[in-house]
Protein chains: 2
Amino acid sequence: MSSVEISAEPQPLSSANARNLIDSVEAFLFDCDGVIWKGDKLIDGVADTLEMLRSKGKRLVFVTNNSSKSRKQYAKKFHSLGISVSEDEIFSSSFAAAMFLKVNNFSPEKKVYVIGESGIIEELELAGFTGVGGPEDAKKTADLYLDCSIEHDKSVGAVVVGLDRHINYYKLQYATFCLRENPGCLFIATNRDATGHLNASQEVPGAGCMVGAMCASSEKEPIVVGKPSTFMMDFLLKKFEFGCSKMCMVGDRLDTDILFGQSTGCKTLLVFSGVTTQSNLQDPSNHIQPDFYTSKMSDLLELLGP
Amino acid sequence: MSSVEISAEPQPLSSANARNLIDSVEAFLFDCDGVIWKGDKLIDGVADTLEMLRSKGKRLVFVTNNSSKSRKQYAKKFHSLGISVSEDEIFSSSFAAAMFLKVNNFSPEKKVYVIGESGIIEELELAGFTGVGGPEDAKKTADLYLDCSIEHDKSVGAVVVGLDRHINYYKLQYATFCLRENPGCLFIATNRDATGHLNASQEVPGAGCMVGAMCASSEKEPIVVGKPSTFMMDFLLKKFEFGCSKMCMVGDRLDTDILFGQSTGCKTLLVFSGVTTQSNLQDPSNHIQPDFYTSKMSDLLELLGP
């Protein structure tokens, strides 16, 4: 059941192929928003499904583009929802941003300006970098009406942009100055998701919204470290003794989760518990086809039977 | 001196071609930010140059992408700077947004959600439409941390996005909901300028920044009514008894002012008193060439001599 044997047409998950999938895969990679939870609400059957997979000796990892939390904060969230997950099973785009700087030998003498939330700042600090902006600039305003310009720090060598529910003009202005005026300043996007389910009922603007704003004002394109970029896969490959063909990416977004899985040679399972519907999948304008699709993650458990 | 006689290579303004230009043109179209003023500071020599042009019987119009003010507010600003300009000489992108709805028979029963400042709201109201959002949503927040979703008005039939120095997540979320969920909701951008000189010293993020954010979260592309869109030219042509070849567009941006002038068949004069430098103009990556260029608008006066 390697990728060449799978037909191009996505298959609905069935008892037979669910069993095959579980037998042939050693690690399941799960997106979180829209797969594990919506906002602070666990999606039905998730806990039992994860338990079943663990009982079969499967390795589990959680690969999330949501940069609002650090790995530590995500582990806490899992625990609060009654699921035991360790920090090193979590690969968040906040962690990826810090790791990108690390593997590219970014100087710890330089600062990192953040449009984003505390997750990014925490991961930067854990990696030995100094993150500025983010939550501390949530209330700042440049009083442009009084011709009051702002000063920006010339030692900022990178701007990291992620989801920021306290986005404001000051942050956009500060980051624009860094990218336009600090020579060689890196522009890193945690991800470019258009929207996400940050709460249970609504699809709200995602990091792509903030990244789109910064692309426009800086007239630059970012390096993306979250899905569908394959940057995080290097860390997963170091973690496991097997390759991507033994992994299955489970996600709710075609343009991030499924594309990430396909680009890295994983098997892919699309679930409809998040932002994508079956009619989105089957729309002629969609060219990203998963290996399998099903309504929600716990179908894996139900289809296996008792 | 019709456009076919002009060589493709831009010419520095000289005594000879400045005289020719003034003789051959009946209306001068001026951009404002970076041409007339920077923030609240008039650029040197502007008042005398405008006076000279008026004394020669030239028609003057001010075509600005800055949507923060209405025509009325702009006329006040001109007066406060000692320059007499009437409202109907001003074509702001705030006015253009309202006119776009008008000429497209947008129903006054529907509402218009605004990411932008008071100028857009004022022009919408003058045109008989109901603008919501904008300044009144400057302090609003959706408490996403408490899983608190927001309600949006299903009767919003258009979203207008312009420069908004009080941009916040609430506005982005509200406008995203309107564009994604209200069938047929129009997405209108006043303009897509990356940056602008809203104060005298710094190039700050322009409307393009807010438009980029909304394109990303709505996954839609806007109708642009400001420069370089030629939408406003129809109104200028109705105002004057002559055609575009008798007009000269004077601006500081290649991708808005000069492109607008060229697309409509005007003569074009680039000035370096705003966001564009001579090296930007001569950079091989630039493919927008004005007919003429000079350091600032008042060179027109100086080159004519006494």
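Just so you know, glycine gets a Cβ as well, placed from its N, Cα and C.
Annotated active site, nucleophile per TrEMBL: B:ASP31, in sequence order. The 10 Å shell around the Cβ of B:ASP31 (active site, nucleophile) contains 26 further Cβ atoms across the protein chains shown.
Under the three-state DSSP scheme, B:ASP33 (active site, proton donor) falls in the strand class. TrEMBL lists B:ASP33 with the feature active site, proton donor.
TrEMBL lists B:ASP31, B:ASP33, B:ASP252 with the feature Mg(2+) binding site.
According to TrEMBL, the feature substrate binding site maps to B:LYS227. In the three-state DSSP assignment, the secondary structure recorded for B:LYS227 (substrate binding site) is coil. Taking Cβ-Cβ distances under 8 Å and a sequence separation of 6 or more, the neighbours of B:LYS227 (substrate binding site) in its chain are B:ASP31, B:VAL63, B:ASN65, B:SER93, B:ASN191, B:GLY251, B:ARG253, B:THR256, B:ASP257, B:LEU259, B:PHE260.
Cβ atoms within 8 Å of the centroid of the Cβ atoms of B:ASP31, B:ASP33, B:ASP252 (the Mg(2+) site) belong to the same-chain residues B:CYS32, B:GLY34, B:VAL35, B:ILE36, B:THR64, B:GLY196, B:HIS197, B:GLY251, B:ARG253, B:ASP257, B:VAL271, B:GLY274, B:VAL275, site residues excluded. Of all the recorded positions listed (B:ASP33, B:ASP252), B:ASP33 has the fewest other CB atoms within 10 A of its CB.
Cα spacing between B:ASP252 (Mg(2+) binding site) and B:ASP33 (active site, proton donor): 8 Å, rounded to the nearest whole number. The DSSP secondary structure for B:ASP252 (Mg(2+) binding site) is coil.
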